[in-house]
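What Swiss-Prot records for this protein:
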MOD_RES   Ala2  N-acetylalanine
MOD_RES   Tyr6  phosphotyrosine
MOD_RES   Ser7  phosphoserine
MOD_RES   Ser14  phosphoserine
MOD_RES   Ser16  phosphoserine
MOD_RES   Tyr24  phosphotyrosine
MOD_RES   Lys70  N6-acetyllysine
MOD_RES   Tyr76  phosphotyrosine
MOD_RES   Tyr121  phosphotyrosine
MOD_RES   Lys171  N6-acetyllysine
Amino acid sequence: MAERGYSFSLTTFSPSGKLVQIEYALAAVAGGAPSVGIKAANGVVLATEKKQKSILYDERSVHKVEPITKHIGLVYSGMGPDYRVLVHRARKLAQQYYLVYQEPIPTAQLVQRVASVMQEYTQSGGVRPFGVSLLICGWNEGRPYLFQSDPSGAYFAWKATAMGKNYVNGKTFLEKRYNEDLELEDAIHTAILTLKESFEGQMTEDNIEVGICNEAGFRRLTPTEVRDYLAAIA
């Protein structure tokens, strides 16, 4: 009850030391569609569930796995409109870096800058925190990277992680399956199997999205490729 009086104030700490609006933003993430990221020896895979709103909905009109640069991509769990704002901001930050330094932005630099934007929205008046967590993958300096950034602006590097609905089950599954020598092909299968742990209904190429990042860059798998991977694990 003591927290309730602070729940509408973004910039005021509650007596227990919480910013309650951030707690609510994290709840929005935990209720969002599951997403998985796995760093392999030779690349990174991102996978997510794409909920179909209606049989009349064109499921390929909006993507959840998005490229930021040729070598960086991301996915989210949480609120789609907030995600699109951050995708636009991330692309702009990457372009600004390139204009100044004449080289692609390193993955860790982009993560730091996007997380700073998210953190700014936890201490400014007239705004609210972003209701999304991001998984950001990239390839630079000859190696893969995987980061997670939360509504608070906190970010961490991961070997493999899951977020969104039933993320605890996803992380438990990954802890059992992950090893340091995992190849990208195996990581794709593992990512899809992790999603399957909490998937409701039939998994098809229309209701999941997969992105991969390796030495060749970042790309979203085509529906045909996803269908082939689903057939391989069936």
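Glycine too: its Cβ is placed from the backbone N, Cα and C atoms.
On a predicted model such as this, the values are computed, not experimentally measured, just so you know.
Neighbour counts of Cβ atoms within 10 Å were compared for the modified residues Ser14, Ser16, and the top value is held by Ser14. Note: the CA-CA distance between Ser14 (phosphoserine) and Lys70 (N6-acetyllysine) rounds to 43 Å.
Separation of the C-alpha atoms of Tyr76 (phosphotyrosine) and Lys171 (N6-acetyllysine): 16 Å, rounded to the nearest whole number. For Lys70 (N6-acetyllysine), the same-chain residues lying six or more positions away in sequence with a CB closer than 8 A to its CB are Pro104, Gly217, Phe218.
In this structure, of the modified residues Tyr76, Tyr121, the smallest number of CB atoms within 10 A of the CB marks Tyr121.
According to its DSSP assignment, Lys171 (N6-acetyllysine) is helical. Using a 10 Å radius centred on the Cβ of Tyr24 (phosphotyrosine) and all shown protein chains, the other Cβ atoms total 14. Tyr24 (phosphotyrosine) sits 14 Å from Tyr121 (phosphotyrosine), taking the C-alpha atoms as the reference points.
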